[in-house]
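Comments concern the structure below.
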Amino acid sequence: MLGFLRQPLVVTADINLNIVALTGVGLLSRLWRLTSPRAVVFDEVYYGQYISFYMKRIFFLDGSGPPLGHMLLALGGYLGGFDGNFLWNRIGAEYSSNVPVWSLRLLPALAGAFSVPMTYQIVLELNFSHCTAMGAALLMLIENALITQSRLILLESVLIFFNLLSVLSYLKFSNLQKHSPFSGSWWFWLVLTGVACSCTVGIKYMGLFTYLLVLCIAAVHTWHLIGEQTLSNVCVFCHLLARAVALLVIPSLMYLLFFYVHLILLYRSGPHDQIMSSAFQASLEGGLARITRGQPLEVAYGSQVTLKNVFGKPVPCWLHSHQNTYPMIYENGRGSSHQQQVTCYPFKDVNNWWIIKDPGRHQLVVNNPPRPVRHGDIVQLVHGMTTRLLNTHDVAAPLSPHSQEVSCYIDYNISMPAQNLWRLEIVNRESDADIWKTIMSEVRLVHVNTSAILKLSGAHLPDWGFRQLEVVGEKLFRGMFHESMVWNVEEHRYGKSQEQKERELELHSPTQVDVSRNLSFMARFSELQWRMLTLRADDSEHKYSSTPLEWVTLDTNIAYWMHPKTSAQIHLLGNIVIWASASLAMVTYALLFLWYLLRRRRNTCDLPEDCWLRWVLAGTLCCGGWAVNYLPFFLMEKTLFLYHYLPALTFQIILLPVVLQHVSDHLCRSQLQRNIFSALVVAWYSSACHVFNTLRPLTYGDTSLSPSELRALRWKDSWDILIRKY
């Protein structure tokens, strides 16, 4: 029974020393003097703030992408013992002793280092030679811009890592499909493909395009698989199900998981609260949650409420009125009703309070028991501090003459009767009998007489309106709907006093009744996702902003940091030999592909079928990867920088040695031609190494150069090399 103990236990392992060596030099190039400079470098000021928010559990909103990347950077801070107490307010600010710089920069550096051996493996999985794979990896190793970007608290290197991991995992899965489907390795690489794709999207929204590229290639391979006559229908169904689960279901669940962890971590009120809805704000500890704790849930006749516009643009604001009236005559000569102004005010104020009144009764207090307001009920809105009723009529609004003026009615005895009845419509109701609820209900107020809807126009009133936002009555056309017409109750109390002076004191006092409410994760996720997608980015011009056309030719650079006393500095500046060669390789590939395609159309096959399929797959991945990571920037209306091009560049770098091997194997006809071509490749690679070494002081920022040396590095007039004036 124990006979197996008589034999020695032998473990064998295949170790690719190329991968070991590439990993070692990759780590050395990215980790060497990682804490230098010990100062905030360019966008570290941006990501560092979010790391501090994570450390302090404070909610924030960033429209640049999902939260996975920020959480990974924060993980480095957590492991390094960072407490979040650092003021990320200035590029070049020296880090205090409590900031674990090495730990914060470690994850991007590791991602950049491991991208080097991963490139090697991708080329091998494409069935090209070890020499070609080594060439691609070495190009990744000495690309100056990739080194710079991976040594700082930035996310591009992490995005590139997951881009490459997605491609590598799928290639390994695809190659296993040929001889060992449904094996353990097959399942591992298939599931890892889905996980890596979800992480790619979770880092930045641009990762979605790489995910779609992998899905498209997988769809083509699956289509061919369906046509395999050797497979039974059950087997084909199992293949389809496995791919659907791994490439669609798992990424979707992972994406939700990123936000779930994000919202679990950030449970405290923060500076970005007002961008979110009242319900979302009330779910956070502190802030609005502190203010609204204890509010009654159901709005009743006699309730005192503040009404916040759900749209919240250009800024979040509340329905507001004050004693000032509209001018009798506007600057353009149009007249007004000269009644009390109604606006939307972006600050909390006692004049934001309104009382929900039953048109059939005079009382302005809540009965016992309270009589709730339901969908479809007719109400009047009484301004708490002036007791005038919300009104609209067929008078042009001050800045939106196509819409109706909204006012608080004043009886001037000039044959302008009050029109102050409003029908309540709960937009997110579950039934027509729904009760109007604090925070949770989103409502429209439809004017009974004119069918106009209370709407925030978003225009700023002139000085006579104190630059507050215009509120209008908008006629409802068929199918017309906009968030600017939707309001929700944010602060709420049950009115207790019928006397005006006592009521004014009541409006200044806090509520007392305790009613708890929780917003579900899916509701919070949906709102946060929508806000992130619609949040308008800062599109102001930046000194180092650039256009996508400038990236390809490397006509731009970014000065990341400069030593406060010496001329040592860090620039995002690419290896110009690699950038130019990569673009040339892509053009060469496209021309050769079209040539071969035309020749095959004429039944002339210059390449064996396996070489042709390998050539097509390499081009699809590399050219497609470049296109999906580059071309969308032409459609984006935001400030763009050179580092946005780096994910696309990595796919070009992978393609470059592939094209060189193809030229050597299939276009060089004799051994002499191959020898000459190889010598040219060695000379070309030597020049790339020389450029890397020349630009190294600007990549690592560890060397102080003289003004003449800095001028010598300005190879293009458009490069902004900083020269200190002594």
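Cβ atoms are placed via backbone N, Cα and C, with glycine included.
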Transmembrane segment according to TrEMBL, located in which of 5-25, 68-88, 299-319: 68-88
Which listed span TrEMBL calls transmembrane segment, if the choices are 128-149, 612-633: 612-633
Mean of the pLDDT scores, which run from 0 to 100, over the domain 'MIR' (296-359): 90
Contact call for the transmembrane segment (153-173) against the transmembrane segment (572-597), three or more Cβ pairs under 8 Å: no
Residues of the domain 'MIR' (296-359) by DSSP state, where helix covers H, G and I: 3 helix, 30 strand, 31 coil
Among 100-120, 185-203, 246-267, 640-660, stretch most in contact with the transmembrane segment (572-597) (C-beta, under 8 angstroms): 640-660
For the domain 'MIR' (370-427), the number of residues DSSP places in helix, strand and coil: 0 helix, 26 strand, 32 coil
Residue numbers, six or more beyond the limits of the transmembrane segment (246-267), whose CB comes under 8 Å of its CB atoms: 53-54, 57-60, 66-68, 70-71, 190-191, 193-195, 197-199, 201-202, 211, 214-215, 218, 284-285, 521, 524-525, 528-529
Listed stretch, out of 68-88, 100-120, 640-660, that has the most CB pairs under 8 angstroms to the transmembrane segment (185-203): 68-88
